[in-house]
């Protein structure tokens, strides 16, 4: 239910009024300009922004709402066998507790349903269903699946004879109110499927859930032996390297990561939120856009800079080795470093563009940078042109960042399916792999492809063949020194020396110990 002041913004003295004592969002204060439409209102003010008057390619940023991916989706039969085998050993309840996380999107639920072997017809209404509705479709499908313990073959809308399942039967199962065989099991499954659009109540609970999920996903084969010289050799020969990056590649620029002691979530503790991640929750933004803008300046990219690691990615591209960089970062520094748009997938969107939540107008990201630095809510001038009073979120402009509760861009899923068939080396750099669906990419990488982690902290039980621990910039500097590659960045020095410490499990810790004068 919408309430007005304190949940309202008024137009006074030529623009957006400053907040009353009970308002939490801060819009830019205004200065009257020529062309006012009447006493106390104007058509343009500071803090008001006009949408970009031309079309912009925002494939990296906008979300997919049309559900077309269902028509072309092909279930992963190997994954389906693993799922069914796991259910047979551990039970449906354990499976749901393992696979369902608070960060899952609607699309993730659909993919899980289809990879379990259920027909596409069961999720054909995906675009208009809520997250919770899709979760309960999955629940009912599993509860009414008499062949649950037997691996199924791929089900296609035009070929339902493969497993003897009829789409209309599935629909009937979903819509029926028939009694379940076991009320206690049903209740437990309901608890396991208690999916809400909000996140966990605190970060510790969320991380604990993810850790449990990680441990239960050790159903993959043991990684083959792989040594540091093997990586040096593979970097030299590889032509299709997939790189997954996270916040750790930007920390050298002063941009905080999310989960370390000095990370963003720790800094957000002063906001007295039950869950710091709610700052990046879509429903929270619609209720209180000012909350996001109190912290957005912390993750705003610095002007004109990018890290040595970003330059390393550009080097892989220039050497025709980079298949794709899947970044979880929203700072858009990959493109600043020179990565081509076709080589980059911004899994969680970016600050490159912004969008009005009311009229869907698109803006160049730079237009709201000053508002972000001033902790102000930017507002759409078009929406406010003839408006005197509206809900607090009306005309608010949001960066094209994928918030919790939003689907990832369709481009992520389309290219991922294609890239996994070509990849010859898999690098994960600067991420703890805590957020789905990016966290599960490694599980889809073919077994024969070497999987390398470059990160400050280790990630156990995820199938990495080799883990190189240290600052991301230092580790890639060492690798490039071994390869006699020059990284085009001011912080790279061929004369740097490194200390290597071999760990008991065969992984390495790499630390830069000195810097000499460049030749």
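For all residues, glycine too, the Cβ spot is worked out from N, Cα and C.
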Which range is region 'Disordered' per Swiss-Prot? Of 36-94, 95-153, 154-212, it is 154-212
Cβ-Cβ distance under 8 Å, sequence separation of 6 or more, same chain as residue 348 (active site, proton acceptor); the residues meeting this, in order, are 328, 329, 330, 401, 402, 408
Taken over the domain 'Deacetylase sirtuin-type' (221-486), the predicted model's pLDDT averages 86
Once DSSP output is merged into helix, strand and coil, residue 348 (active site, proton acceptor) belongs to coil
